[in-house]
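Since the structure comes first, as structure tokens, the remarks are kept for the end.
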């Protein structure tokens, strides 16, 4: 039973980081492309668009950091292992 929990934790950590990483990268690319297009249409609003883009990128990156934190907890400090041993 303990081996299955370890295997499931490794697979879950790998898939979660990979999937969230791909989606976060795509979301950041879409946000940047939209910001560049908006600045090209309205150059006078460039400072406000830049500020909003940085907030959006920070929120997107926060999701990735939370996922990485959960994956590292599953790999190195798994709370399920203490209950099974």
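Here, residue 1 is simply the first one shown, and the rest follow in order.
Backbone N, Cα and C define each Cβ position, glycine as well.
Positions annotated as transmembrane segment by Swiss-Prot: 1-21, 53-73. The site 'Reversibly protonated during proton transport' annotation in Swiss-Prot covers 61.
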Spatial neighbours of residue 61 (site 'Reversibly protonated during proton transport') that are distant in sequence (at least 6 apart) but have CB under 8 A: 24, 28
Long-range environment of the transmembrane segment (1-21) - Cβ separation under 8 angstroms, sequence gap at least 6: 63-64, 67-68, 70-72, 74-75, 78, 80-81, 84-85
DSSP-derived structure type at residue 61 (site 'Reversibly protonated during proton transport'), helix or strand or else coil: helix
